[in-house]
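A.B. asks: Here you go, one structure.
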Amino acid sequence: MTSYKAQRHVSLILRYVLLVLLVLVWLFPIAWIILASLSYNNTGFVSTIWPEQFTLSNYTGMLMNHQYPFMDWMRNTLLVSTVSMVLSTFITISVAYTLSRLRFAFRKKFLQIALILGMFPGFMSMIALYYILKSFNMLNLAGLTMVYVGGAGLAFYIAKGFFDTIPRSIDEAAEIDGATKWQVFLHIGLPMSRPMIVYTALTTFIAPWVDFIFSGIILSSSGNPKNYTIAYGLYNMLHSAKGTSTTFFTQFIAGCVMIAIPITILFIIMQKFYVNGITAGADKG
Amino acid sequence: MKLWQKFAVGSTALISATVLAACGSSNSDSSSTSSKGGVSGSVKLWVDNTQVSSYKAIVKDFNKKYPDVKVKVTQSPNGSSNAKTDVAKDPAKAADVFEVPNDQLGQMASAGYINPLSPDATKTVKKNNVASAVKGVTWKNKLYAFPFAMQAQTLYYNKAKFSDEDVKDWDTMTSKGVVATDFTVPYNVYPIFLSAGTEMYGKSGEDLKGTNVNTQAGVNAMTWYAAQKHNKGVMQTSNVLNQLKSGKAGAILDGPWDAVNIRKLLGKNFGVAPYPTVTIGGKKVQMQAFLGIETFAVNSNTPTKSQKAAATLAEFITNKESQLRIYKDQGQIPVDKAAEASDTFTKDPVAVAVKTMAQSSHSTLMPKMPQMATLWDQAAPLINGAYSGSIKPADYMTKLTAFHNAVSKKN
Amino acid sequence: MFKRKNKLPPAATYREVWRKGDWATKLSFFVMGASAFKNRQWVKGAAFLIAEVAFLVWLVFGGISSLSMLSNLGTIKTKKVVYSESQGVYLTKLPDNSVVILLFGVLAVLLLVAMIGLYIVNLRATRTLYVLNRDHEHIESNHEELASLLDRRLHGVLLAVPIVGIMAFTVLPTIYMISMAFTNYNSHHSIGFSWTGFQAFQNVLSGDLAGTFFPVLGWTLVWAVCATATTFFFGVLLAMLIESKGIKHKAFWRTMFIIVYAVPQFVSLLMMAQFLDLQGPLNNLLLSWHWIAKPINFIGASANPLVARITVIVVNMWVGIPVSMLVSTAIIQNLPEDQIEAARMDGANAFQVFHSITFPQILFVMAPSLIQQFIGNINNFNVIYLLTGGYPMNNNYSGAGDTDLLVTWLYNLTFGQTQRYNASAVLGILIFIISAAFSLFAYRRTNAFKEG
């Protein structure tokens with residue numbers, strides 16, 4: 001029995017060692033990014049792991065930069081993501097609820113069409129989206145928000161999977177008691193889907209912080225960096241002109257670290273809801 | 001196309017499902033209400049992001065002379081080197097006056113994105129600027145933009161590693177130290193084809209069939225690329241500045257836009273020289289570079305009533321004073337004859353080196369053919385293939401012929 | 001549900017409605033909402049009527065011209081440069097803007113279809129009213145109709161806004177882009193373009209782009225399989241390691257891995273590209289440790305294609321394994337223990353348990369999401385675009401590199417040097433066909449697998 005125990009002990013130690021090694025491998029590049037953000041560099045390229053010279057000037061430089069107004073970007077993104085979060089969450093949840101709990105004539109058709117639409121690569125729509133928003137004269141943050149919200153109607157899969165797992169008998173009981181479907185939705189459906197609401201809200205909140213493609217298409221023609229969101233703004237720092245990327249490269253890294261921190265924290269909070277949501281969706285398909 | 005869109009908005013609310021609408025796509029040009037005498041209008045100007053403040057100052061001077069023109073200076077979305085794609089995305093939304101390198105002018109002119117210069121402006125530009133700059137903005141016998149700076153790559157080197165004599169020849173240099181460049185960027189290395197004796201769209205730069213790379217000269221150039229891979233003194237890098245700073249490279253091929261940075265990196269060891277001679281096909285020839293002309297062009301989508309204002313602005317921000325100011329602020333080498341003769345200019349080693357490179361013996365003016373897009377796209381993998389050895393010497397001719405055919409295709 | 005259906009009155013044919021209906025019913029065939037007005041359903045009647053009037057006004061003032069312009073996408077195809085004496089400048093008379101014409105044409109078609117749909121709804125409502133009148137049944141009052149919106153017709157209310165959003169931002173752009181594949185919209189016809197049928201398809205499938213399309217398609221599929229399989233398999237293993245007996249602070253360990261996923265990709269992948277550069281930190285580190293004699297070109301423009309492809313798959317594992325670890329964690333936690341215990345009793349070792357019990361069960365549960373991941377990987381823009389930009393270069397391709405996927409190539413064709421919008425639209429359609437065919441096949445298979 002002692003040998004078995006010793007064996008277990010060895011196995012545990014080995015597993016811990018493996019885990020620590022893996023964590024090191026995984027976090028090594030991240031640690032390097034943070035180190036790079038603290039290094040003094042004027043060549044636009046960081047070639048060492050350990051900075052030759054530590055400095056905080058990248059951070060202060062990024063915050064004070066007039067050309068690339070970091071604080072404006074933060075404000076813009078916060079605005080877009082908050083509005084988009086509220087609207088998208090409502091839309092996603094109500095679509096998912098409708099498709100999962102209500103029965104109506106074109107339900108099956110809707111599900112099929114949604115599936116088909118989801119298979120067209122999103123990039124195909126970029127030029128069209130640009131001109132649609134332009135004809136509304138909305139090539140701005142409001143237009144960008146509309147694009148994010150407009151896509152919410154098709155992002156119902158995970159939430160629908162979640163609703164599918166809740167037994168329908170609860171609704172039916174309430175309906176027999178004379179509740180309308182709206183009341184059931186309001187007083188039973190929504191409260192029960194709290195974890196799903198949190199999950200959807202967090203994902204839709206994070207999306208504008210990491211999207212640099214659509215925001216670039218829609219916001220770039222203004223040519224005014226004050227109107228950018230953070231992801232496009234930072235990305236644009238690297239890709240706007242010859243010779244300048246060297247000046248802004250380390251500031252870019254510092255800016256990235258600054259926004260990565262809050263997003264990471266949100267993500268860690270979201271983890272739990274994420275797992276619940278995905279598995280609920282995966283269970284049912 | 002206007003009224004109905006408004007009605008469509010109304011019906012949107014009602015036809016609850018399949019709906020979407022729009023209003024006012026303002027594409028048509030408004031009637032010409034040209035001002036008498038004075039110039040007026042409102043004009044949007046795109047410049048590179050580092051130059052915004054310089055141009056704001058220039059525009060201030062402009063407004064002293066033309067108070068009725070409202071000018072908005074912003075940075076161009078993806079930089080002047082991407083002007084073509086930025087404008088093409090939506091010409092109507094692009095700036096009225098924008099910065100663009102001359103090799104994109106042909107494509108823009110044939111697409112109708114830009115207007116030719118008026119006869120008066122043409123005369124002024126021709127009178128004030130050096131011949132190569134004028135040629136650089138000429139497309140099918142018309143001028144399409146206002147030139148303000150010339151760009152040619154030169155050799156920047158560390159004086160601690162190379163003597164002034166060393167940098168005169170590529171072979172000497174690479175035997176004594178390391179030269180770094182990026183072989184994957186055709187702008188850097190395509191001119192070897194020109195040094196080898198081929199032409200790019202003929203002598204005029206407008207001859208569709210004139211890219212004679214599928215010749216022995218072309219093969220010689222390919223052989224040269226392949227040889228550099230095994231040359232210990234040549235370094236392939238995507239970050240020349242970093243290599244120069246760390247000392248791993250003693251010299252780099254780079255443009256004047258980086259000169260200020262390089263001076264900071266090297267301090268008193270800063271050296272700049274024209275390109276060295278190279279040995280291609282057993283012959284010593286001058287290593288060439290591309291000569292590019294930075295210009296401002298006027299958007300043809302600009303409303304008719306602001307066209308005059310836009311053209312006037314473009315002319316003003318490229319005049320002698322403006323060129324000198326941009327030279328002082330940004331190190332951009334002027335093309336104005338008078339500016340070039342000025343004292344500060346002749347004392348600047350970078351400017352002198354660029355001037356030397358601008359001679360036709362040292363460089364070729366970038367052609368403006370619309371096919372240049374294909375050429376850039378195809379030249380990169382071709383040269384890289386020769387350099388990395390993925391194209392075998394036996395296949396050089398077939399690959400060069402394929403390249404020639406691709407870049408000589410009519411639309 | 002079924003009770004309600006029984007309450008519906010027996011149907012009547014439209015022919016009967018037309019012949020036997022009163023004047024209002026007959027009028028409804030032309031003036032939408034007439035019979036609703038007659039039966040005092042003011043709100044419904046007004047909605048129908050306003051919709052029809054608005055539609056007709058639109059049709060007269062713009063719809064017809066929009067629809068007719070769709071046939072040739074504008075008449076003026078070439079620009080004209082004229083000299084304006086009054087201003088002393090050249091002016092360019094631009095071609096008709098086909099982009100806008102096409103967009104509004106598609107919009108007009110959508111509106112037309114919507115109107116036809118609404119007209120059918122109107123006919124149905126008219127028939128229902130006719131039948132109710134005929135059988136002397138109760139006709140819903142205005143109030144009841146409105147109340148039903150929150151009950152029987154709740155789905156309509158909840159879906160109305162999302163559907164408008166989907167129409168505007170997904171359906172319209174998608175149809176628009178599909179139409180673009182049948183035009184000659186490219187850098188040579190960037191303002192005024194025309195219909196050219198299947199010309200662009202020909203270019204991609206057998207013309208000058210075919211030599212790029214098929215190899216890129218091949219790599220896209222290989223990539224999608226490898227990326228999906230590696231992240232899934234190692235994600236499961238990692239989850240099992242963390243969930244295994246004796247490991248403490250499981251949430252902490254999970255979080256360590258999740259950090260990588262949480263960092264925005266345009267940060268982590270762009271920096272990763274530099275990390276792996278020929279002269280980047282990783283190579284310098286390996287060189288200083290004397291693990292390698294000369295730097296490895298992982299993802300540079302002149303890298304070995306095989307090395308680069310392996311590198312992107314490995315980097316994708318770095319980003320993707322944490323996610324699939326999270327997902328499989330939840331599944332592992334819910335796995336029935338008894339089977340595993342039973343197997344242990346029978347003397348199965350850890351590998352056998354994993355091989356024949358745990359893994360199949362996870363696979364079973366995750367099959368649908370794996371299919372989705374596979375589709376997602378076919379369209380995995382970020383990893384390729386940010387990490388390699390399609391490099392290494394390939395001199396046999398046109399406008400693409402060795403690691404380019406169809407979707408990044410599509411992006412290059414639109415926003416790169418060559419601006420071949422029509423070809424990129426064709427690629428989009430082909431990607432759709434591939435994804436659709438694959439998922440149809442896979443869903444069939446997994447369903448059979450589940451039932452069997």
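The backbone N, Cα and C atoms fix where each Cβ goes, and this holds for glycine too.
Straight from TrEMBL, here's the annotation block:
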- C:42-61: transmembrane segment (TRANSMEM)
- C:99-121: transmembrane segment (TRANSMEM)
- C:157-178: transmembrane segment (TRANSMEM)
- C:216-239: transmembrane segment (TRANSMEM)
- C:217-442: domain 'ABC transmembrane type-1' (DOMAIN)
- C:251-276: transmembrane segment (TRANSMEM)
- C:306-332: transmembrane segment (TRANSMEM)
- C:353-375: transmembrane segment (TRANSMEM)
- C:421-443: transmembrane segment (TRANSMEM)
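Help me understand the surroundings of these features in the structure.
C.D. replies: Through the fold, the transmembrane segment (C:42-61) approaches residues 31-34, 36, 111, 115, 118, 122, 125, 142, 145-146 of its own chain, all at least 6 residues removed from its boundaries and within a Cβ separation under 8 Å.
With a cut-off of 8 Å between Cβ atoms, the residues of this chain six or more beyond the transmembrane segment (C:306-332) that come close are 219, 222-223, 226-227, 230-232, 234-236, 238-240, 242-243, 254, 257-258, 260-261, 265, 268-269, 272, 276, 296-299, 358, 361-362, 365-366, 369, 373, 380, 383-384, 387-388, 391-392, 402-403.
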A.B. asks: Does the transmembrane segment (C:216-239) reach the transmembrane segment (C:99-121) with at least 3 CB pairs under 8 A, where each pair is 6 or more residues apart?
C.D. replies: no
A.B. asks: Taking a Cβ cut-off under 8 Å, which residues six or more beyond the ends of the transmembrane segment (C:251-276) line up next to it in the same chain?
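C.D. replies: That would be 238, 242, 282-283, 298-299, 311, 315, 318-319, 321-323, 325-326, 329, 382-383, 386-389.
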A.B. asks: Most CB pairs under 8 Å with the transmembrane segment (C:99-121): which of C:157-178, C:353-375, C:421-443?
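C.D. replies: That would be C:157-178.
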